[in-house]
Amino acid sequence: MENVRRMALGLVVMMALALSGVGASVMEDTLLSVLFETYNPKVRPAQTVGDKVTVRVGLTLTNLLILNEKIEEMTTNVFLNLAWTDYRLQWDPAAYEGIKDLRIPSSDVWQPDIVLMNNNDGSFEITLHVNVLVQHTGAVSWQPSAIYRSSCTIKVMYFPFDWQNCTMVFKSYTYDTSEVTLQHALDAKGEREVKEIVINKDAFTENGQWSIEHKPSRKNWRSDDPSYEDVTFYLIIQRKPLFYIVYTIIPCILISILAILVFYLPPDAGEKMSLSISALLAVTVFLLLLADKVPETSLSVPIIIRYLMFIMILVAFSVILSVVVLNLHHRSPNTHTMPNWIRQIFIETLPPFLWIQRPVTTPSPDSKPTIISRANDEYFIRKPAGDFVCPVDNARVAVQPERLFSEMKWHLNGLTQPVTLPQDLKEAVEAIKYIAEQLESASEFDDLKKDWQYVAMVADRLFLYVFFVICSIGTFSIFLDASHNVPPDNPFA
């Protein structure tokens, strides 16, 4: 008997709960039937023809996906916050068991047709059509999510130290200002307007290439077109240049250093031209790689392209000047005569200013005259008859080829009567004179050739200093100009 009672009590409780749930569902269904009995979603919710429907527009950013500079397109993941009042969707919560809000499919209610006007893919539709939230006061709020691909004009002058101002323009696609007026969205308390893009910190993922500096919004209208009105959201972002500094700028600086060190490489090394041309090819490769990163525009030249062109010009001149230096280095008296102005500038004037000192040649011990002894009354010239005619005092004389002939004449003219030299001695004297002249000519040839090599070395050192100064000034001036390119504190100033 007790068990029967318990079973009966359970059945009563279950039936009561079931009836209560069915009643709530029926009441909500009844409310929807009453609200939409004569509701037409195609009709603007204005009580009179002249009334304007106020639509509040806000934007919540969840992710800045990518900014494609090549096609000038920004891809973002956002929530569009729309709110308006529909007087036809009002009811008394007390008459419907305290129901204060309803969630209704967005296709069943009127929509203001707010679309992204500067979309880049031709798609004006919302990605996900979520339900709208309708309150008993007639307030309607709709927060659809979307992945927008908007056009963004890229200013490439200071790339990669640039900042961009990308806009997202929203307006009603079918209504003008005489029917729908746009306003900024309100905050959670409904007290003040939110005139900026809201960032959802819980869902936001920071972009690895761009940092968000400012995110204001503004209502725009045209004085020449009173029917036009839009709400524009500005996303001012600054590039993080670390990637380009590490992978482009630092290698270019190293290449420029190699181009400068070309002038420190001795011409006899044989790799002067190879190093110059290799540096030129490296800069060309970097220039081609960066061509795929920036838009194809003629409005301005990116600062990194200007720097690469600057380095390329320097390297090209280093190749040309290396040819000049090698030409100077391999000149000889047989092919070129050194002008006096070259000798004056490159041998006498410039070396002290370039910290170059030419080594002073000192005679080696092997080049000292050889001293021999000759005994008293020694004769070295013989008459044809066989007796000696030239006595020589006991002395130490130096045997030098260039003085031998003059000494013979002195002995012949000073101590004895003139005699005729034998033919074999004449030939020996002529041979010695020829050897002396050849030695002197070879010495002069070597000296002139070394002068040309010295001129080439001075020119190399001069180009080294000049290129170092030009490269340093050019590098600092170009990147110093980029350091002044910062986003403004007031975007609308």
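Glycine is treated like the rest: Cβ placed from N, Cα and C.
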Tyr39, Tyr96, Tyr175, Tyr379 - the residue Swiss-Prot records as phosphotyrosine: Tyr379
Local confidence of the topological domain 'Extracellular' (25-240) - pLDDT mean: 91
Cys152 (disulfide bond) versus Asn165 (N-linked glycosylation site) - Cα distance in angstrom: 8
Chain-internal residues near Cys166 (disulfide bond), provided their CB is under 8 angstroms and they sit 6+ positions away: Leu67, Met74, Ser150, Cys152, Tyr234, Leu235, Ile236, Ile237
